[in-house]
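See below for the structure under consideration.
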Amino acid sequence: MTNSEKNRLKDKAFQVFGVFCTFIGLVILAVFLFDIAIEGFSRIDWDFLTSLPSRRASRAGILTAWAGTLWILVLTAIIAFPLGVGAGIYLEEYSRKNRWTNFLEINIANLAGVPSIIYGLLGLEVFVRQMRLGGSLLAGALTLSLLILPIIIVTTREAIKAVPRSVRDGSFALGASKWQTVWNQVLPASFGGILTGIILSLSRAVGEAAPLIVIGALAYVPFTPATPLDEFTVLPIQIFNWTSRPQEAFLTNAAGAIIVLLAITFLLNGIAVYLRNRQQKKIKW
Amino acid sequence: MLNLRLNYFKINAALLLGGTLLFSACGGSTTEGANSDLSGNIQIDGSSTVYPITEAVAEDFREEAPNVRVTVGVSGTGGGMKKFSRGEIDIVDASRTMNDSEKQLAAENNITFVELPVAYDGLTVVVHPENDWVNDITVAELKKIWEPAAQGTITRWNQIRPEWPDQEIHLYGAGVESGTYDYFTEAIVGESHASRGDYTASEDDNVLVQGVSTDPYALGFFGYAYYDENQDKLKAVPVNDENDSNGQGAILPSLETVKDGSYAPLSRPLYIYVNSRAASRPEVVEFVNFYLDNAAELGEEVGYIPMPAEIYEEQKQKFEQFSSGANATTQQQ
């Protein structure tokens, strides 16, 4: 065997390995989706989406749960987006590299690894008790915002870093101020990456049950929230509650609720991909 | 399609009308329901074990008093007790009685309360259905298996009874944060919250069902409802408390043996606690009475075991005394 044949063989082997790696995740996801779909699809109908929780599995619905999840999503996005992107811009564009910013950076990276229930405990003390928000949507959204801020900050910084130095230099050369450069050049160019980070982190937030249970999100709520100060429940709590019931029929309900939760997540991701593609088309250097 | 729907509505309307006529013909008996003049919020939190009963009661109370908003959380007996003792909620669901530190916290916050048992649960000891050697077990043997000293030493079936096989024993039980764990250790080991640590623990009883039903050398315990729903996958073990005054020999948990107290010591009552400030509000009084009136039927529907009727009557009297006392103190203030 010649050297080039050997290399070609290695190349082929690595390609097969790569395909294998790609598929392992996809296959597991497919099996999971298939399993849930078989169990849950028959359960989803208009009544399921518009009914209140009930002790009878066949009459129970997820109206208050999905309404709560949507509220939480929107509020969390509104709170976390400006804070996270602002912090990212500061750290990347304005701050000087010194020991203090190093310290900040390390801590933000560490925060991304803190278990979510710890954020729940923090939220309980600060938002629920000190700020007297009670177990409200606002307290829940603030808690989840804290949870996802580190991810947003890190991805924002990465996206800003990816904007070429020459774009900034060009902007400055034309007499633009720092703020004008950031606002008119850097942010639009990095917006796709920032958006991806926000959507990924919101997808994480939408699946959280533990921190919300800690701050006092409920399981049985017979009304849909009307203001951010109302009490609430979310889909993951309803799912968690149903899967721990002894009766088999509640497991089917849980599968149905999981499908709805997945649909919400997919919808979000879809919107993000659409916005990102549209944004990227606009950028021409 | 539209036609079908219209017909459906017509039929419904006809039924409703007929029903109303029928009921109004019966006279005053139905006017007791629909307390639409009651309003307010009732906040409940606590044990996920008691949750299904409270959810069922809250669901039916919606028809009784449509303007009262009842919300129920599941932060666990411990979490619920903490909120209750700080006065953050009106009623707490509990799968065990309030402990001393919680009582102290309540006293510090000037919270007085009443404890009302609402149903029984029979903690069931289970093994794999193919396990043909265990046909009964004594409390002493269970203690030998579960006490803290057993950790690492009691690891094989024949260490408990010599005639049992020389095979590893695999233990499954409630997680240490649950009221179920506290109750089991109190009843079996004799000290609440003390047991060996080398067992498979889960807060989710369905996980335990899964574990025991797939492991021929397993022994586990969990709430009766989970055994009842999975009888084809599990074998319940009769428990002998070696005290013949409450039923002779080893006794299997069932509706009857739990209700009459012969399934001892693993029958446990489930409770709600009501805060005195809440008990001075008419909608809470109505709700608690409704709870005690319906706990037997609704509790059984969701998998628990009703208490004898006279106990519910006693609880209602106890609550009435408590709430009139609560009223008196709030008026004084």
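Here the Cβ of each residue, glycine as well, is placed from N, Cα and C on the backbone.
So that you can see what the record holds, here are the features copied from TrEMBL:
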- A:66-272: domain 'ABC transmembrane type-1' (DOMAIN)
- A:16-41: transmembrane segment (TRANSMEM)
- A:62-91: transmembrane segment (TRANSMEM)
- A:103-124: transmembrane segment (TRANSMEM)
- A:136-156: transmembrane segment (TRANSMEM)
- A:182-202: transmembrane segment (TRANSMEM)
- A:209-229: transmembrane segment (TRANSMEM)
- A:249-275: transmembrane segment (TRANSMEM)
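Contact between the transmembrane segment (A:209-229) and the transmembrane segment (A:136-156) is present: at least three CB pairs lie under 8 Å, with pairs separated by 6 or more positions in sequence.
Contact between the transmembrane segment (A:62-91) and the transmembrane segment (A:16-41) is not supported, since fewer than 3 Cβ pairs fall under 8 Å when only residues 6 or more apart in sequence are counted. Sequence-distant contacts of the transmembrane segment (A:136-156) (same chain, six or more residues past either end, CB-CB distance under 8 Å): 68, 71-72, 75-76, 78-81, 83-85, 87-89, 91-92, 108-109, 111-112, 116, 119-120, 122-123, 127-128, 190, 193-194, 196-198, 200-202, 204-205, 208, 211-212, 215-217, 225, 227-232, 234. Beyond the ends of the transmembrane segment (A:16-41), by six or more residues, the same chain brings 251-252, 254-259, 262 to within a C-beta distance below 8 angstroms of the stretch.
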